[in-house]
């Protein structure tokens, strides 16, 4: 979380952790919609999203959404409320920089358009890729980056370049006024205050699966390392809120 | 969350929501390692992971990890503890089914190998793709799916096929004994009890960026929909735990 995000949290009253869960609720709600479900209890929705229902209700209360006793939440309306809160009821113009396998996959990813993200530019430094047609768009040369951002009103830059090129690309998009960067490159990007960077780790869901696979196989134990502190350090229990 | 995961949670004492946050902590810790940071306070780590520090401490206490007063957590040791809890200190054999742009990107994704995920098979139904060399592996025909799973001990199947092919592929991997499926296809997969499916939505991080972009632009208000309930339904506030 950047300092700016901390300020935002204080200003707006919606905890950052709640913001991070709203897309997860939205994903669960879209799944329910796909199944034709019209209303959902907080317990069902919480279970689908992998949180406890008290937390879900509290999160949704930040949006002014409280459900109906004995009925739960109306799926379609809650989708609208969360989408509006997240800013998904308007279009966001996105440029994808780096058109390798991942950039191509992202350019054709249906989940962007359906969530209000419009890919308006594909840019690459490789002359062999520039000019190619990908998902109905022509790949442009990275030299045009600043022009594309200005002309098309790009507000979010998706960086899918190799690690070595990512920081330079990031510096250029930030200099062009873009303040939101989604980084798929395996590198930590340095940005000035006021710029939000989210880094995608495609292995996160795999790690959660691995946890369950390990559990199915019977190990490790419940508190495998309890009392097994770092060498030479004393253990203590900090105050923990319930 | 599947019924099985609920049982796991009850059996092992680590809440599912904590499990889902462990990879996020791990990502933040790896970032700190990349920056050469040796110890981190719970506040710093919580901020980097986007949760509050009390929750972080509680989550880590499930692992028997409590930090050291005035020092915090030793980054390298905490990486080890979380990795062990998640089952990342052993290798997991992964097969990627569907070798389009996304499958290719995943096959070459460095973040898998570094987290203990070894891609041991690439399979596709397209004769034009079968036989191609991708990231040092030869793409095999989907007809070999059951053999590849059995011969190489595949425990996690990554489905990156088009939506229309995903359920059939899923049925086959489940029939072959695989109980963990990572689904990138834009479709909800039906699986029997005992099989864990995680669905990846590449737009989730974009949605979090959109929230902040909207805030920077000044809207919507803090509780845009408070008192604006679904038509024809009475509002009430369910008991909300702090």
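Cβ atoms here come from the backbone N, Cα and C positions, even for glycine.
The structure displayed is predicted, hence computed values, not measured ones.
What TrEMBL says about this one:
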- A:24-63: DNA-binding region (DNA_BIND)
- A:87-188: domain 'CoA-binding' (DOMAIN)
- A:98, A:99, A:100, A:101, A:102, A:103: NAD(+) binding site (BINDING)
Measure the Cβ-based neighbour count of residue A:102 (NAD(+) binding site), defined as the other Cβ atoms within 10 Å of its Cβ.
-> 25
Average pLDDT across the DNA-binding region (A:24-63)?
-> 89
Taking the Cβ of residue A:98 (NAD(+) binding site) as the reference point, list residues of the same chain whose Cβ is under 8 angstroms away and which are at least six residues distant in sequence.
-> A:123, A:124, A:159, A:160, A:161, A:162, A:165, A:169, A:184, A:185
Fewest other Cβ atoms within 10 Å: which of the binding-site residues A:100, A:103 wins that one? Let me know.
-> A:100
DSSP helix, strand and coil counts for the DNA-binding region (A:24-63)?
-> 28 helix, 2 strand, 10 coil
Compile a sequence-ordered list of residues in the same chain as residue A:99 (NAD(+) binding site), six or more apart from it, whose Cβ lies below 8 A from its Cβ; state 'none' when nothing qualifies.
-> A:107, A:122, A:123, A:124, A:126, A:129, A:132, A:134, A:139, A:160
Three-state secondary structure, residue A:103 (NAD(+) binding site) (per DSSP) | helix
Near chain B, which of the binding-site residues A:98, A:99, A:101, A:102 can you find when the cut-off is a Cβ distance under 8 Å?
-> A:101, A:102
Residue A:101 (NAD(+) binding site) has how many other Cβ neighbours within 10 Å of its own Cβ?
-> 22
Residue distribution over DSSP helix, strand and coil in the domain 'CoA-binding' (A:87-188) = 35 helix, 28 strand, 39 coil
